Amino acid sequence: MTESSFKLAIVVSQFNRAVTEKLLNGVLQRLTELGVQANQIKTVWVPGAVEIPLLAKRLAKSKHYQAVVCLGAVIRGETDHYNYVCQQVSFGCQQVALEYEVPIIFGVLTTTTKEQAFARAGGERGNKGADWADAAVSMIKLMKEIEITDE
């Protein structure tokens with residue numbers, strides 16, 4: 001399987017958009033470097049991180065995409081909301097991957113401060129989006145290599 005023979009989707013949270021746009025750019029730039037064309041990628045924006053798993057499920061269920069990259073930035077505030085959001089999003093994404101056997105790449109930053117988020121979205125810690133693009137392509141290849149046929 002070559003990079004020009006598959007399709008993937010990206011689900012991006014609009015909340016903390018200044019961070020998530022940078023993560024998206026990191027994913028798209030790396031995919032381009034790997035030879036993936038724009039017509040192989042579908043990008044969908046959702047209101048917040050909690051909405052990511054539902055759209056990931058819809059995309060995985062469609063069987064049109066060999067991987068779904070989920071991007072978000074959950075930054076700790078003064079309440080417990082952060083804990084609930086992080087848990088729901090990570091669990092939801094994992095459930096989708098297991099139910100549909102489609103790689104769901106968990107590209108949701110969970111940080112204590114905005115500075116930590118920006119550092120990982122093209123700042124001094126690099127752009128994690130590139131790492132998640134690599135993970136998506138790697139998982140697509142592994143899933144194809146270990147393909148199980150129904151008998």
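From the backbone N, Cα and C atoms, a Cβ is placed for every residue, glycine too.
The 5-amino-6-(D-ribitylamino)uracil binding site annotation in Swiss-Prot covers Phe15, Ala49, Val50, Glu51, Ala73, Val74, Ile75, Phe106. Positions annotated as (2S)-2-hydroxy-3-oxobutyl phosphate binding site by Swiss-Prot: Glu78, Thr79, Arg120. Marked as active site, proton donor by Swiss-Prot on the basis of sequence analysis: His81.
Candidate recorded positions: Glu78, Thr79, His81, Arg120. Nearest to Ala49 (5-amino-6-(D-ribitylamino)uracil binding site) by Cα distance: His81. Glu78 ((2S)-2-hydroxy-3-oxobutyl phosphate binding site) and Val50 (5-amino-6-(D-ribitylamino)uracil binding site) are 18 Å apart (CA-CA, integer value). In terms of C-alpha distance, the listed binding-site residues Phe15, Val74, Phe106, Arg120 place Val74 closest to His81 (active site, proton donor).
Pairwise Cα distances among Phe15, Ala49, Val50, Glu51, Ala73, Val74, Ile75, Phe106, which the record gives as the binders of 5-amino-6-(D-ribitylamino)uracil, peak at 16 Å. On a Cα basis, Arg120 ((2S)-2-hydroxy-3-oxobutyl phosphate binding site) lies 14 Å away from Phe106 (5-amino-6-(D-ribitylamino)uracil binding site). Of the recorded residues, Glu78 ((2S)-2-hydroxy-3-oxobutyl phosphate binding site) and Glu51 (5-amino-6-(D-ribitylamino)uracil binding site) place their C-alpha atoms 22 Å from one another.
The distance from the Cα of Ile75 (5-amino-6-(D-ribitylamino)uracil binding site) to the Cα of Arg120 ((2S)-2-hydroxy-3-oxobutyl phosphate binding site) comes to 12 Å.
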